[in-house]
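Enquirer: So TrEMBL lists these for the protein:
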| type | residues | note |
| --- | --- | --- |
| TRANSMEM | B:12-37 | transmembrane segment |
| TRANSMEM | B:79-103 | transmembrane segment |
| TRANSMEM | B:124-145 | transmembrane segment |
| TRANSMEM | B:165-187 | transmembrane segment |
| TRANSMEM | B:199-223 | transmembrane segment |
| TRANSMEM | B:235-251 | transmembrane segment |
| TRANSMEM | B:263-287 | transmembrane segment |
| TRANSMEM | B:307-330 | transmembrane segment |
C-alpha cells in the first residue's frame, strides 16, 4: 500500500480511538457538575459519593483522552507535513487558542478535582469541577473550529504557487466563525452530552438490574436521564442545522450522504439503503421529496446531485458516507424514543420496575458512541478528496520525507498499543463499576451498614 | 514586517516558542525526572509518595508540550513540518512512551496486586526515560543541522537520527531531568525517603555535571557552529559561568536544606541551557547541512505578520490566566505529600 492510504488509515484509526474519550469527558463532566451542585445544595452525602465515584471514572477517561490527543497534534507534522505548511498560518491560531484557553484550564484544575477534596473548600472544589468541564468544552470549540475551517474555509487568502502555495489568514473572526463552525460545535457538544449522560445512565441501570446501591443508582439515573432527554431533542435541531450547512457549502458531500446522483428531480431522502456505485444508483426505502424539503423547504426543489461534479471531485467511499450518515440519524431517533419513554415512566414512578428497559438502558451507552464515530466518518470521508475543501487535495498533503515502511511501523505500533489500552480501559472501568461508590447507602442490601450489624460482625470476629 | 517594541513579530514569536519549551522543560522536566528515578525507590509506600508528589500537577505540566507543539505549528509551520516528518521514528516512539507514561500513572493505583503495580512502575520509569531521551536526541540533531532541501524536505535516511552527538545530548537531558526531579521530590518528602533522595540528588547532580562537561567539550571540538556566537560576543560567557554557579548553588542549598532555592537553581540551569541553544541557533531554527541557503530562519519560516499578531494577542490574554491558576494549583498542593483515600 502507498503512503497516502496508510497515513489515512493511521489518522482515521488514531482519531477514531481518541474520539471515544473527549466526548465522554465533556458529557460526564457536565453530569458531575449537576451532581456536585446537588451536593452543595442539599448536603446529601449520597451526592458526594456520586461525585467522587464518577470522578474516578472521569480520571480514567481523561487520562487516555489526553495521551491519545497529543498523538493527533504530532501526526499533523509527522505524516501530513505539506498540509501543516499549507494550513499552519490559519489553523495555528485555533490550535494555540485551544492550548492556552482550554487545555491549560482543564488540565490545571483537574489536579484540584481529583486530589483537592481535603485541600480546598467544597465551593472551590465545585468551581474546579466546573472549570474542568468548561475547559473540555472550550477545547471542543477550537478543535471543531479548526476542522470546520477545513470543511468550509473562510477568512484566508492563498499566497504562493504550486508547492509553495499556502493559506494565510486575513480575518481571524471570519476564520473562527466560518460558515459551519457554530452549528458543528453545537452538534459535537450535544453528541458529547449524550455520550456522557448515557454512561451515567448505563452504570445506574446496571446497578438497578443487580439490585445494588439502589438509592445511589436511582438518583444518578435521574440526573443522567435529564441531561440525555434534553440533549436528544436538542440534537434533532443541531443535527438538522449541520446538514443544512453541508447542503449549502459542501453539496458533493450532501449528495454522497443521501446517495443522490441526479440534480434534476425532487430529491428523496432514504431511510435506509445502499449505493450501487457502478451504475450510479441508490436502492432503498425513501421518502420522496423529503430531502428537497429539508434543504430548501419545498418538496420539488432540485438538490445538486453527484453527477454534477467531476468524477475526481466526488467522494470515493460513497457507501461509507451514506451508511455512516444513516446510522447516525437512526441512532438519533432511537435516543429520542428511548429518553422519552424513560422520562414518561420516570414521572409515573414506574421506570425502575421495568427490568427489560433497564437492560436496554444498560446497553444504551454504545448508541451515542457509535453515533459520534459514524458522524465523524460522515464528515471526514464526505469531505474527500479534499483535506481542505476545494483547496488542497488529501493526496497532495502528505509528508514527502516519510516512507511507507515508516508508516507501517507506526501503524502496527499504534494498533498494538491502542488495543492494549482499550482492553485495559474496559477492564478498569468494569472493576470500578463492580467496586461501586463508597457507601452510606441505606437501602443497599448487599453490604453490612447498620451500626448494630457491624457491632455483631465485630463480635464474631473477635 | 510589523514590530512591537522595536522587535518584529517573527522574533517575538521565536521568543514565545523558546519560552514555551523552556517552561515545558522546567515543569514536565521534574515529573519526567521523577519517573526516571522511580525504580530507585523500593518500598511500595515510597513509590506511592513519589507518584503523588507529581500526581496533581503532571497533567498540567504536559499541557506545555501541547502548547509548545502548537506554538511551533502556528508560528513556524515549515519548521514544524520539516522536523516532525524528518524524525518520524523518534517521534512515534516518543508518542507511544508518552501514552504508556500517562496510563502507568493512572492505572497503577487502580489495582492492589503487587505484580500489577510493579509492572506499571517499570512501565512508568522506562517510558519517562524514553520520552526524555527522544526529546534530547531530536534536539541534538536539530543542533547539528539536518539534510533538508530547498522545500524544507528531509533528505536523510530513517535511522540517521542515531549519532554520537545526538545521543550525548539525549543523555545530558536525561541527567538534567533526573537531577531536577530528584530535587523536586526532596521538597515533597520527609523521613527515610527524604534521606534516600538527598543521596539521589547528589548522584544525579554528579551524573549531570559529567555529561554536560562531556557535551561541552564535544561541542567545542566537533560542532564549532554551536559556539561561534559566544566566541564572537565574549560578554555572552556569562551564560555558562552563571550555569556553573547555579549548579554549585544546588549543592549548597541542599546542604542547607533549602530545597525551594535548590529547585529554583536547577530551573535556572535548564533555562540557561535552552538560552544557549537559542543564542547559538538564532536567527536559524533549523540548519540545513546541504546548503546554508536552505536554512529555516526566523524570517523565512514564520507565519504571516497578521497571524503572528493574532496569536501574540491570544498569548497576551491567555498566559497571565494560565499563570494565575497554575500558581493556584501549586499553592493548593504545597508542602509534603500526605496520602489519603483519593491518592494514587
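The backbone N, Cα and C atoms fix where each Cβ goes, and this holds for glycine too.
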Enquirer: Residue list, the transmembrane segment (B:165-187) vs rest of chain: Cβ under 8 Å, 6 or more residues beyond ends.
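Expert: Answer is 26, 29-37, 50, 53-54, 129, 132-141, 143-144, 193-194, 197-198, 200-201, 204-205, 207-208, 210-212, 214-215, 218-219, 222-223, 250, 254, 259-260, 262-263, 266-267, 269-270, 273.
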Enquirer: Report the listed stretch (B:12-37, B:235-251, B:263-287) having the maximum count of Cβ pairs within less than 8 Å of the transmembrane segment (B:124-145).
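Expert: The stretch with the most contacts is B:12-37.
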Enquirer: Using Cβ atoms and a strict cutoff of less than 8 Å, what residues sit near the transmembrane segment (B:263-287) while being 6 or more residues removed from its termini?
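Expert: Contacts with the transmembrane segment (B:263-287): 14, 18, 21-22, 25-26, 29-30, 76, 79, 82-83, 139, 142-146, 148, 176, 179-180, 183-184, 187, 225-230, 236, 239-240, 242-243, 246-247, 249-250, 253, 295-299, 301.
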Enquirer: Would you kindly list the residues that approach the transmembrane segment (B:199-223) from elsewhere in its chain, counting only those six or more residues past its ends and only Cβ-Cβ distances under 8 Å?
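Expert: Residues 33, 37, 40, 143-144, 164-165, 168-169, 171-172, 175-176, 178-179, 182-183, 186, 240, 247, 250-251, 254, 262.
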Enquirer: What same-chain residues lie close to the transmembrane segment (B:235-251): Cβ under 8 Å, and 6 or more beyond its ends?
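Expert: Same-chain residues near the transmembrane segment (B:235-251) but 6 or more away: 179, 183, 201-202, 205, 208-209, 216, 229, 261-262, 265-266, 268-269, 272-273, 275-276, 279.
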